[in-house]
């Protein structure tokens, strides 16, 4: 039995915690709010995030991070990107006190605004400055709602150490979620982060009533943008043809379970961003990630017109119809160009 500390009692953190408990591991779940911790402990539900679903009753929750991290072998992070650094700082303080060096698994998908750093880079800054070997990223086409119902799912675990990725693979895998390993944590993180931006665009097209041709074109050209940024960051181009690339892009751009898609859909129907985000009730990672992506594109002169248009619509007041016209009137060129 492995002792796992899951940080973040949102939908994905709760589902992963329950799944790991199903696998026979001891799981403690950190919740930011006492009311959620109490509900999980008393009723084994988390109704604010997941309706009609019950957690494995062996999962226990607490707002005391020191208690949650006590004697843990693995720390699973499932908190918003905007909170990842502050949570990492708190984790480091606890680890300094107890002297443990657990594996760090990130299920967070995003790029930090301001620093433009990926999550494992933040872990290196705040927790393990000597290297990346004990850090693993978990990413792929995996909506919490489907995994909660034990729908068949495949996910990637990536680390600079394939041996450590394989150790996590054995801990996480079961008969309804299959995990694959990768030695490209950079590419896997970029795929998981930037697909959220493309999903907002996919939702906008759906909200405007565009059909299958437009959706397919958007996802394909969106994948080209993701690959372009990933390679610039040091990722391997073939990673983006896998689960954390095209796989995650497909599920996020085509499902009503996607918060980013739902955000875009409402924008396409004419609702302002502030109203959409207020009504969502959960974090829309793509709306934050696009800020970092836009700055990265400008800094490195990367051609990412879809991402740039989403940024302009969200934060510069650009009109959606005007951005679509600009997109379709761009200079003609070859399809394949990294």
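Backbone N, Cα and C define each Cβ position, glycine as well.
So that you can see what the record holds, here are the features copied from Swiss-Prot:
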- 11, 12, 32, 33, 109, 144, 259, 283, 285: NADPH binding site (BINDING)
- 109, 140, 142, 195, 248, 258, 259, 260: sn-glycerol 3-phosphate binding site (BINDING)
- 195: active site, proton acceptor (ACT_SITE)
Residue 32 (NADPH binding site) has how many other Cβ neighbours within 10 Å of its own Cβ? 15
Rounded distance in angstrom between the Cα atoms of residue 260 (sn-glycerol 3-phosphate binding site) and residue 285 (NADPH binding site): 7
Can you tell me how far the Cα of residue 140 (sn-glycerol 3-phosphate binding site) sits from the Cα of residue 109 (NADPH binding site), in Å? 10
Taking only the Cα atoms, work out how far residue 32 (NADPH binding site) lies from residue 258 (sn-glycerol 3-phosphate binding site), in Å, as a whole number. 23
Argmin Cα dist to residue 248 (sn-glycerol 3-phosphate binding site) over the binding-site residues 11, 109, 259, 285 returns 109
Using DSSP and three states only, what is residue 142 (sn-glycerol 3-phosphate binding site)? coil
State the Cα to Cα distance, in Å, between residue 142 (sn-glycerol 3-phosphate binding site) and residue 11 (NADPH binding site), rounded to an integer. 12
Work out how many Å separate residue 11 (NADPH binding site) and residue 258 (sn-glycerol 3-phosphate binding site) at their Cα atoms, rounded off. 12
Residue 285 (NADPH binding site): tally of other CB atoms within 10 A of its CB: 25
The largest Cα to Cα distance in Å among the residues 11, 12, 32, 33, 109, 144, 259, 283, 285, listed in the record as binding NADPH, is 22
Distance from residue 195 (sn-glycerol 3-phosphate binding site) back to residue 259 (NADPH binding site), taken between C-alpha atoms, in Å: 12
Work through the binding-site residues one by one (109, 195, 259) and point out the residue whose CB has the fewest other CB atoms within 10 angstroms. 259
Count the Cβ atoms, other than its own, that fall within 10 Å of the Cβ of residue 142 (sn-glycerol 3-phosphate binding site), considering every protein chain shown. 24
Starting from each candidate's C-beta and looking 10 angstroms out, tell me which of the binding-site residues 11, 258, 260 has the most other C-beta atoms. 260
Rounded to a whole angstrom, what is the C-alpha distance between residue 285 (NADPH binding site) and residue 195 (sn-glycerol 3-phosphate binding site)? 10
